[in-house]
Structures are given as structure tokens and as C-alpha cells.
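Okay, so here's the structure we're looking at.
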Amino acid sequence: MTDIFTYLFYLSLMSFVFFTSFYLRNKKIKYKQFEFDIFYILILLVLSFFIGFRFEVGVDWSGYVSIYHSISSNSKFNYSQQFYELGFYSLNWLMGVFDLGYQGVFFIMAFISWYFYFKSVPKYIIPFFVFFLFSEEYFFWGMNGVRQFAAMGLWVFSVKFIVDRNFKLFLLLVCAASLFHSTSLLLIPFYFLPYDKLYNQFFWILIYGCSLILFIFIDLSIIFQNFELLFLSLSKNIGVIDRYVGYVDRGQITSQDVSLGYGFVFKLVVNLFIIVFSKNLIKWQPSLRPYIVLFFIGAILFNVFYEVKLIGRLFSYFLIFRPLLLSYIVYYLYFIKRKRFISLLVMFLYIIVFLGSMYGNSNMCCPYQISF
């Protein structure tokens, strides 16, 4: 349970971003040279301010503060003596040089993250994408998994260039994402998937159903334990893997206590709903096919490997397309098909999920405190 101020604060922040971007969705761009309305920048600045200047909010808040102090305490740029990604290390070091504090790191990371999420979708989808990023708990998770949340923003934007078949820009963005979270380099091969051939709604529903049966009835704990042993063996020879050995040492490769509450089941149902609705989306917006395929990969990985936290780092890159696709679905139902009751019902259910996530202190989001 949390205090009433925190409920009101998060609801007000989400409402501000939603309604402001909703108002701007049909507004003509005044400064075309920036290809982005100046008012969106103001929205991002407000959002980044409250994320950046939070105090003791987020599971890893204290860890990131300690990292900042550790890096900024050395006036010399000494990247080789640590294991954080170059972009994240450089940002912490620069904030230390200019004495801008850990708040500067949080602020800039938030601005980078949300800027690319905004740029990933058309203006008319932004308010709905923001709504689902908040209500799907990605907003809270972004104050915890700071580095990966930024990398995921770049990744989501990069999929535009899978659609446009522009490998150079796609590669540039994925490499930029790796400056904050090196795992994103594993996403490069997904440019080459034959997305047109992979989509088959009937087989997808069948595969998803099989993965649910595996999820519900089959105990994979022995396989996961052997996975830990394999992981330790590989880490001795592969440097990239070696940095994650701490997960094994702390017992964090697999989750010992997975909560299978109503929220968990609700998201499984939502995943199926998106797969069932995917054919309508493709008919309306054929360019969504790669997003749908990537989401489907994440939904299957989640069902099979939900207990493996380390693989969770990977399937997060695919499940991030759930709020994006929900945004298109709600827009399609409300504005194109005029089935407004269904779209409003989906949003209402997600408001309940959002309230529940605050009540459950998702990612230690509560109570919200500011650092001054």
C-alpha cells in the first residue's frame, strides 16, 4: 500500500503526458527542420525532470547512485578498469566532471529513453503508447532497469528501419543501444528474418497454446538448473557472458518465487488477444508485421522461460512491443471501427492494472519522493 499523494502524482503525470500529446496529435509541426514539435520536447523535459530528480524510487536507485559516485570520483577517464558499457560510463563520468550529480544521469537517461519511444510511433499513436507504457509498468521498470530501458527505446525505434530495409541505420541504432546495454547486440540478426513468411495467425495461436500448456503443466526446473551449469561453463571462455556470472552467484539466474497472480494471468490473456487481433492490424497497417512477429517471439519466450531472469533480459526487448501494439489496437477500435466501448474497456482495465501496480509497489515505485 502507498500514500494518496503517490497515487495522485503518478496518475497526474500519466494524464498530463497523455492529454497533452493527444491534443498535439493533429497539430502541424511548426519547426519542420527538427521533425519534432517543440511541445513534445517540453513534455519530455517534464517527464525527464520527475524521473531524474526522484529520490529512493526504484529497486536499483541506490545502486545507480553508488555507480555514479564510484565513476565520478575519478577525474580521469578510465573506462578499461570497469565493466559498464561505454555510453553509460561516459555519461556518469561527464556528469561528475561538470558536477551535475546523479540526478543529471537519471535525467539524461530518461530523456534519451522517452525521446526514442516517442519517435517510434506516429504522432496520433503517441498518447496511447504513453498510456500503455505507464499502465504496463514499463514506466516504473524504467526507473529500475535504467540502462536497458534506454537501449529498448533505441531498439523499438530501430524497427522502423527493418520496415524500410535500411540496414545501416538499423545497425547504427542497435550499436547505439549497446552503449547502454550490451545485450542489445544480440538483436542484430533479427533484421534478416523473413517477416512476411513468418506470419501465420493459425499456427501462431497453436504454438502459443502449446507454450501455455508447457507453462502450466510441465516442470522445467531441472532444465533451468542445468542451464545455470552451462552458463557457468561458457562464462569461462566468453567474456561477454562472464559479466553476468554474478546472477548465478546471487541465485538470480532463475526466479525462486514467481508470482502468478491475476495481473500475471491478465497479461497472458492480453498476449493471446493481440495474436488473435493481429490479422486486423496487418490489414490496416501492413508495416506493423515485423512488430507483431517480434512481439510473438517475446510472448513465446516469456511462457517458456518466465522463471529464468537472465533470459528475461532478452525477451523484454520483444515484450516491449505489447504496449505499442495495444496502442494501435485501441486507436483502430476507437477511431477506425468505431467500437469505442471495447477500446475504452481495454483502457479501463489497464487503469486498474496501473493502480494495482502502485498498490503492490511495482519496482519500488512508492512512495514517490523528489530529491530536494
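Placement of Cβ uses the backbone N, Cα and C atoms for every residue, glycine included.
The transmembrane segment feature in TrEMBL is assigned to 6-24, 36-55, 93-117, 124-141, 147-163, 170-192, 198-217, 259-278, 290-308, 314-334, 341-360.
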Excluding the flanking five residues on each side, which residues at least 6 beyond the ends of the transmembrane segment (124-141) place their CB within less than 8 Å of a CB in that stretch? 10, 14, 17-19, 21-22, 24-26, 40, 58, 117-118, 149, 320, 322-324, 326-328, 330-331, 347, 350-351, 353-354, 357, 362-363, 365
What parts of the chain pack near the transmembrane segment (198-217), using Cβ distances under 8 Å and only residues at least 6 beyond its ends? 268, 271-272, 275-276, 278-279, 282, 289, 292-293, 296, 299-300, 303-304, 306
Does the transmembrane segment (147-163) come close to the transmembrane segment (314-334), meaning at least 3 CB pairs under 8 Å for residues 6 or more apart? yes
Should anything in the same chain at least six residues away from the transmembrane segment (6-24) have a Cβ under 8 Å from its Cβ atoms, list it; otherwise answer none. 37, 39-40, 43, 46-47, 50, 123, 126-127, 130-131, 134-135, 139, 354-355, 358, 365-368
Long-range environment of the transmembrane segment (93-117) - Cβ separation under 8 angstroms, sequence gap at least 6: 44-45, 47-49, 51-54, 64-65, 68-69, 71-75, 77, 129-130, 133, 142, 146-147, 149-150, 152-154, 156-157, 180, 371
May I ask for the residues of the chain that lie six or more residues beyond the transmembrane segment (170-192) and have a Cβ under 8 Å from a Cβ within it? 85-88, 109, 147-148, 150-152, 154-155, 157-158, 161-162, 240, 243, 294, 313-314, 317
Mind checking which residues reach the transmembrane segment (147-163)? Cβ under 8 Å, same chain, six or more beyond either end. 85, 88, 109, 112-117, 119-120, 138, 141, 169-170, 173-174, 176-178, 180-181, 183-184, 187, 190-191, 195, 287, 290-291, 294, 313, 316-317, 320-321, 324
